[in-house]
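Visitor: Provided herewith is a single structure, encoded as structure tokens, for subsequent inquiry.
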């Protein structure tokens, strides 16, 4: 059966040789063009004329010429990378060009005229790595997160998963589940249908140990807080200094500040990185009773919803009215007198008083909401599949009937396959690899 056409490129096939600019848009000091597929070696032969192909995995300076006429295109560093030990698992080549627009365009155009070559679609190099088994779905997702990472915490988490932290555990679990299933099948095969021997204690102990490891992974924190930021809501009555404090934390004028009460009527969000950790700061409408303004009433209602969904609430108001668990801030400390004993912090966004202490407090609170050193946060997809794996192992452990134990182990294998992407749907894969840029 021929390879299926690719979703984003009508008529294209997964057996084509693909190429793309994989470095930043020119002009630049160097432009890197990647080629992957069965014709990668032929492509560099055509661009370099009759010269012998470079030694594998050694950079070689070569003149690149247009196959149609022989005009010199550039003098470039060329890398020949025969598969399968490459990023995509296929034959690959890299051209390190002078990074001008005209040079890059000329080389890409020359490649496009070679038979069997076509431009890559978004994420196609990574998809080929997945389809050849060089990476699994978790590593592909982590690579997408790494490319999107804007903070140190996001980078660290992506690197843990891209480095195979979860994938290694899954490979081990799959081996152990298969081993247990094989032992069980052998016992069933060599037993009379009406006289199946009970499972031996060693079998149950191995199953329990596996379940305990899965339980630990199921307890990992969600990655969404790392991706979207720790939600910090600034709340309190009108004119309490919420917008001024948000602007100071964000380092920009994200919210309008005036002496007029009720200036902020809707939620104003400002993403910010503090100490390498992502936060999502939210300014809210001033809370008070008896407003006759319908628009302001909607803003107050939304403020209440934001407070309920917050990870951290900074309360700028009467300490006695502070929501449970909130940080009581005595704001505008350069102009107002506060009872320091009733507040957690006294700050002034204008003078900077207490701002370092506030940032330190936010980082301390965030540390309890984010994964610890060496622990990876997991996506909703990963957590759901781990839950299914845990349920399957629970079935296998609770049922004394070997037939039902075998069914639990079968469901466990299916859950592991879903985690690694062996049982992924095309729509889900298309959505993932569409997050990548062309050339990755």
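Keep in mind that glycine also has a Cβ here, set from the backbone N, Cα and C atoms.
Swiss-Prot feature annotations, pasted as is:
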type    : residues                           : note
BINDING : 34, 94, 134, 440                   : (6S)-5-formyl-5,6,7,8-tetrahydrofolate binding site
DOMAIN  : 229-367                            : domain 'TrmE-type G'
BINDING : 239, 258, 260, 263                 : K(+) binding site
BINDING : 239-244, 258-264, 283-286, 348-350 : GTP binding site
BINDING : 243, 264                           : Mg(2+) binding site
Visitor: Let me know the largest Cα to Cα distance in Å among the (6S)-5-formyl-5,6,7,8-tetrahydrofolate-binding residues 34, 94, 134, 440, as an integer.
Guide: 19
Visitor: I'd like the per-state residue tally for the domain 'TrmE-type G' (229-367) from DSSP, helix first, then strand, then coil.
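Guide: With helix first, then strand, then coil, the domain 'TrmE-type G' (229-367) has 44 helix, 30 strand, 65 coil.
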Visitor: Taking residue 285 (GTP binding site) as the reference, which of 34, 134, 440 (the binding-site residues) have a CA within 10 A of its CA?
Guide: none
Visitor: Across all protein chains in the structure, which of the binding-site residues 242, 440 has the highest Cβ count within 10 Å?
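Guide: Top count of Cβ atoms within 10 Å goes to 242.
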Visitor: Far apart in sequence but close in space: which same-chain residues, 6 or more away, have a Cβ under 8 Å from residue 349 (GTP binding site)?
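Guide: When sequence neighbours closer than 6 are ignored, residue 349 (GTP binding site) has 241, 244, 245, 247, 248, 331, 332, 355 within Cβ distance under 8 Å.
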Visitor: Including all protein chains shown, what's the count of other C-beta atoms within 10 A of the C-beta of residue 94 ((6S)-5-formyl-5,6,7,8-tetrahydrofolate binding site)?
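Guide: The Cβ of residue 94 ((6S)-5-formyl-5,6,7,8-tetrahydrofolate binding site) has 21 Cβ neighbours within 10 Å.
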Visitor: In sequence order, which residues at least six apart in the same chain have a CB under 8 Å from the CB of residue 34 ((6S)-5-formyl-5,6,7,8-tetrahydrofolate binding site)?
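Guide: When sequence neighbours closer than 6 are ignored, residue 34 ((6S)-5-formyl-5,6,7,8-tetrahydrofolate binding site) has 19, 20, 22, 92, 93, 94, 120, 125, 439 within Cβ distance under 8 Å.
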Visitor: In whole Å, note down how far the CA of residue 243 (Mg(2+) binding site) lies from the CA of residue 440 ((6S)-5-formyl-5,6,7,8-tetrahydrofolate binding site).
Guide: 41
Visitor: For residue 134 ((6S)-5-formyl-5,6,7,8-tetrahydrofolate binding site) and residue 243 (Mg(2+) binding site), what Cα-Cα distance in Å is obtained after rounding to a whole number?
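Guide: Here the two Cα atoms are 49 Å apart.
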Visitor: Can you check which residue among the binding-site residues 239, 243 has the largest number of Cβ atoms within 10 Å of its own?
Guide: 243
